[in-house]
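Okay, structure first, notes after.
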Amino acid sequence: DRQTLLAVLQFLRRSNLRESEEILLREARLLGDDLGAAALSPAGTGLLGVPGGDADSAGGEALLSRVTAAAAIAIGGSAATAASSSPGVTAVAAVPPGKGGARAGAAGSLGPGGPLHCIFASSFRLSYKLLLYANAFAVGGGVVVEDQPDVSAVLSAYNQQGDPTLYEEYYSGLKHFIECSLDCHRAELSQLFYPLFVHMYLELVYNQHESEAKSFFERFHGDQECYYQDDLRVLSSLTKKEHMKGNETMLDFRTSKFVLRISRDSYQLLKRHLQEKQNNQIWNIVQEHLYIDIFDGMPRSKQQIDAMVGSLAGEAKREANKAKVFFGLLKEPEFDVPLDDEDEEGENEEGKPKKKKPKKDSVGSKSKKQDPNAPPQNRIPLPELKDSDKLDKVMNMKEAARRVRLGPECLPSICFYTFLNAYQGLTAVDITDDSSMIVGGFADSTVRVWSVTPKKLRSVKTAADLSLIDKESDDVLERIMDEKTASELKILYGHSGPVYGTSFSPDRNYLLSCSEDGTVRLWSLQTFTCLVGYKGHNYPVWDTQFSPYGYYFVSGGHDRVARLWATDHYQPLRIFAGHLADVTCTRFHPNSNYVATGSADRTIRLWDVLNGNCVRIFTGHKGPIHSLAFSPNGRFLATGATDGRVLLWDIGHGLMVGELKGHTDTIYALRFSRDGEILASGSMDNTVRLWDAVKAFEDLETDDFTTATGHINLPENSQDLLLGTYMTKSTPVVHLHFTRRNLLLAAGAYSSQ
């Protein structure tokens with residue numbers, strides 16, 4: 001912000017770093033305007049050339065002195081550490097996907113709202129570090145640099161301000177005020193309890209008032225909402241200042257502002273109360289650590305608020321979901337399809353198949369017009385269609401012509417693949433788009449591929465044998481396969497830890513697997529050997545998935561970031577940074593222009609593959625997210641979590657539009673039928689449930705007011721939408737897949753407990 005920038009500019013001026021000063025002005029696009037002029041005015045005039053006068057000047061000078069104090073440390077410290085701790089830092093690679101250049105450069109906006117790009121000119125390094133530090137001040141989040149206690153002390157946001165013995169009084173006073181306020185304001189203001197409780201507790205611990213902190217925690221932790229219990233358990237273990245250094249939960253809370261969405265009336269009421277009581281301690285925390293997103297209009301009800309809260313950092317700011325998203329499907333490539341004699345009368349209008357091959361429409365089911373919500377065809381480079389791909393499309397279209405049209409009156413048959421005696425510990429499953437192969441990832445670090453059809457799995461012959469084959473013969477693809485290697489099961493060795501995610505490529509030539517060992521491996525299904533190990537994550541990788549068009553894939557892990565890769569690049573093309581905890585699951589949008597990630601911070605984010613920006617943040621789940629599924633038409637997203645709820649989201653408007661309750665345990669699998677009429681969910685509660693997706697998405701209230709304020713009214717209609725519940729004897733459901741003809745395949749490992 002302006003004040004921060006001025007302080008840094010003044011510091012550079014006093015240190016005679018004229019070149020850095022000009023680079024910073026140019027980068028912040030301030031050369032020539034009033035702020036630039038003020039900053040470049042003679043040193044004696046201070047900061048007074050700026051509209052805002054003495055107050056700005058005083059604030060700037062105060063900040064300048066803090067920046068100057070930090071400078072000595074900053075020069076030796078690490079900008080990268082500062083950047084990683086700085087709020088809102090997103091790093092994206094500057095290489096467009098598929099356009100050469102394997103190394104990921106870091107570009108984009110660093111620091112909260114600062115248009116500061118990474119310039120690694122040696123003269124600019126110092127001011128770059130300083131701006132990061134000053135930015136951390138400006139947003140009130142202290143930067144924590146591990147192993148440098150002096151830095152964390154200098155840059156701490158928790159400087160003691162009030163009398164520690166009065167903290168309980170402050171908090172209970174506010175609690176009493178909120179509980180006695182009008183019903184319409186009470187629900188909104190109650191959102192303050194949790195973030196204030198955490199920050200007041202941390203402030204006491206940081207300033208070494210351990211007994212007061214313990215008493216404060218014991219008195220008020222029971223008042224917090226049940227979905228914060230896990231966070232409070234971590235918090236209760238932080239009882240000394242030393243514990244706070246390097247603690248992840250601690251870092252999240254200090255470096256990201258907790259977001260509350262409150263109506264203007266409720267906010268004014270709160271502000272008036274705190275000013276009358278002169279309760280500076282709470283007011284300081286509200287201003288330093290909370291981001292209050294104020295909207296005009298009626299306050300929200302308890303039910304409306306409960307639907308949206310629960311994530312690690314509060315709700316998403318409304319701005320976060322304003323960007324335009326191209327959620328439509330890409331236009332089909334034109335080629336002739338030999339039609340069977342079968343009658344196409346029963347052809348389905350919405351006939352878009354599911355996930356892995358979202359490009360194909362059913363034969364003759366739709367005109368070839370461009371979807372108005374689709375991205376431009378060449379927005380991201382996609383691989384060319386090979387002849388084998390075209391053949392596969394033709395097969396797919398023929399299958400689609402025979403597809404069963406599902407609905408409340410016509411539910412799918414379910415075929416369950418149970419892994420018996422899976423003492424190696426089944427941790428991941430995937431099924432090919434044509435339902436011919438199934439793969440299991442296991443805790444003993446193996447990947448096992450089975451053929452589901454009578455056709456056995458065969459490897460390609462050795463090079464010596466291949467040279468003897470007549471390359472012009474019609475059945476050359478059959479001749480290159482070695483019959484001696486035919487078997488129903490192939491075991492792939494290479495990982496050195498449990499395999500947590502697997503994904504077949506759309507053309508069935510490759511298989512991805514990701515593991516606790518921090519790597520993603522690409523296997524050939526022609527030779528059943530490992531082709532590449534992609535190293536980028538430093539910690540376990542929880543999930544990986546191929547793009548619906550092949551070539552690109554995404555991975556997410558314990559390091560809190562998702563990475564976009566191309567099969568022919570060693571380095572990631574994009575790094576999607578923003579989640580505050582592990583990225584637990586990943587999914588490509590059917591048009592391959594977006595990636596959805598679910599996280600243990602209880603949020604779902606949608607990322608733009610083209611530029612690495614986060615274009616949607618969805619909050620509402622009360623536990624880590626473990627499953628994601630896009631509807632075949634690309635408009636909606638379904639998410640499942642440890643809270644046993646399936647939430648439905650409208651991607652275009654950025655709104656929650658439905659909640660499906662029924663499961664009693666974590667939901668690990670979600671899948672829409674090929675035409676999007678039925679949503680299947682599979683859970684650790686040993687059930688598969690089928691939901692009426694058409695009914696769930698009809699008559700949606702997505703007017704401008706709802707979009708602007710988040711006044712969502714979720715119908716309590718889970719029971720009306722539930723079409724069937726199917727129990728297994730003792731098998732948690734870890735994967736679901738609709739075949740091209742809408743038969744539902746489910747998979748899981750039998751557990752004897």
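Each residue, glycine too, has its Cβ placed from N, Cα and C.
Sequence annotations record features per position, and here TrEMBL assigns domain 'TFIID subunit TAF5 NTD2' to 162-290. As annotated by TrEMBL, region 'Disordered' applies to 337-389. Summarising the annotation, TrEMBL assigns compositional bias 'Acidic residues' to 337-348. Among the features that TrEMBL reports, compositional bias 'Basic and acidic residues' is placed at 360-371. The repeat 'WD' annotation in TrEMBL covers 419-460, 492-527, 534-565, 576-617, 618-651, 660-692.
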Any chance you could find the range in 492-527, 576-617, 660-692 with the most Cβ pairs under 8 Å to the repeat 'WD' (419-460)?
-> 492-527
Cβ under 8 Å to the repeat 'WD' (576-617), counting only same-chain residues 6 or more beyond its ends: which ones?
-> 89-93, 96-97, 108, 248, 252, 256, 310-313, 316-317, 320-321, 323, 325-330, 352, 355, 358, 374-375, 379-380, 382, 542-549, 552, 554-558, 560-564, 623-630, 632-634, 637, 639, 641, 649, 651, 654
The correct DSSP tally for the repeat 'WD' (618-651) reads 0 helix, 20 strand, 14 coil
Using DSSP, what's the helix, strand and coil tally for the repeat 'WD' (576-617)?
-> 0 helix, 24 strand, 18 coil
Per DSSP, what is the residue tally for the repeat 'WD' (534-565) in helix, strand and coil?
-> 0 helix, 19 strand, 13 coil
